[in-house]
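Written below as C-alpha cells is the structure these notes are about.
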Amino acid sequence: MKNKGKVIIISGPSGVGKGSVNGELLTNKDLKLEYSVSMTTRAPREGEVNGVNYFFVSKEEFANAIVNNELIEYANFVGNSYGTPRKYVEEKLNEGKNVILEIEVDGATQVLRNEENVLSIFLMPPTLNELESRIKGRATESDDKIKARLDKALLEIPLKHNYDYVVENDSVENAVSKITDILIREKCTESNEESKFKELVKIVENIVDQKYTYFINNWEANVKLLAHNKEAKKEANDFDARGELIKILSSEVYRKTLAHGDFSKINDVEYVDFKIQKLMFKINFFSIKQRSDFSGD
C-alpha cells in the first residue's frame, strides 16, 4: 500500500511566478508532485486549456460547488472566484502523490486553518517593482487590475509568517532549488538525496566549536546565575547551550537563505560563517528562551 501524499501549498501574491516555479518542479519525478487543477469563474487566457490549467466554470456552477462542500478552499480575487476541488485532491493523495495547491493567499489561509497533512510555502517577489513588472509582462491586465493586484499584494505579504517556509523567487532556478530541498528535508520525495540542511548543520557545528566556546560557557553561567527557583535551577542545569546555539544558527541560516539568498551558497563555509557573525549579535545570552525567529532584518 502506498503512503499517502501530502498537500503542498505554494502561495503568494498574484504575479510572483507560482506557475513558472511549479511547472519546473513538476518535471522532477522524484518529488511525486501532482498539480491540483483549480476551478475558476474567470475567462481563459490565451493558451490555457480547460481541465489542464483550470476548470473554467460559470458563477452559478461555482456557487453550487460551495453549497455542496466540493471545494477545499475558495476565494474571490479581482472580480473572479477561485477554488480547489476536494475530490480531485483526495484521489491524488490516496495514490501517494504530493498535490500542489497553487492558490491565492486567502485560499491558503482556509486550508491552513481547516486541513491536516499540509506543507505551506510562501513565494515572495524580490521587490514590489519586480512584481509590477511581471504582472505587466503578461499583457493581459488593465491598469486598474494591475493596481488592484499590487494593492492586494501589500496586504498579503505580511501574512508570510503564517507559512512553514518563505521562499524568494528572484529566479525560477533558485526558487526551484530551494523548494526541492524543502521537500527532501520534509521527506516528501522518493529521492535518495539528503537535504542541504544536514550538511549545513555540520558546518555550523564546526564554526561554533572553533569560535564560540567562550560565548557558550558564559551563556550557561549566566543562565545558572539568574535561576532563582527550583524549577529554573533544574532547567539551567540541564541547559545545553552548545546544542541550542547550533540549532538556532542552523535554522536561521537556512531560513534566511530561503527567503533572501542564493541557495547554491548554503553549504559554503565562508557564506555560513558570515551569516552566523550577524546572527550572533541577536542571541540573548542571559536567557534560555530566544525569539522564535529573527525576522524584521
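Any Cβ shown, glycine's included, is placed from N, Cα and C.
According to Swiss-Prot, the feature domain 'Guanylate kinase-like' maps to 5-184.
Taken from Swiss-Prot, the feature ATP binding site applies to GLY12, PRO13, SER14, GLY15, VAL16, GLY17, LYS18, GLY19, supported by similarity to another entry. Same-chain residues at least 6 positions away in sequence with a Cβ under 8 Å from that of GLY17 (ATP binding site) are, in sequence order, LEU123, PRO125, ARG134, ASN169, VAL172, ALA175.
Per Swiss-Prot, region 'Unknown' is recorded for 205-297.
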Given the binding-site residues GLY12, PRO13, GLY15, the candidate whose Cβ has the fewest other Cβ atoms within 10 Å is GLY15
Using the recorded ATP site (GLY12, PRO13, SER14, GLY15, VAL16, GLY17, LYS18, GLY19) as reference, state which further residues of the same chain have their Cβ within 8 Å of the centre of those residues' Cβ atoms, listed in sequence order. LEU123, PRO125, LEU131, ARG134, ASN169
Using DSSP three-state counts, the residues of the region 'Unknown' (205-297) come to 64 helix, 0 strand, 29 coil
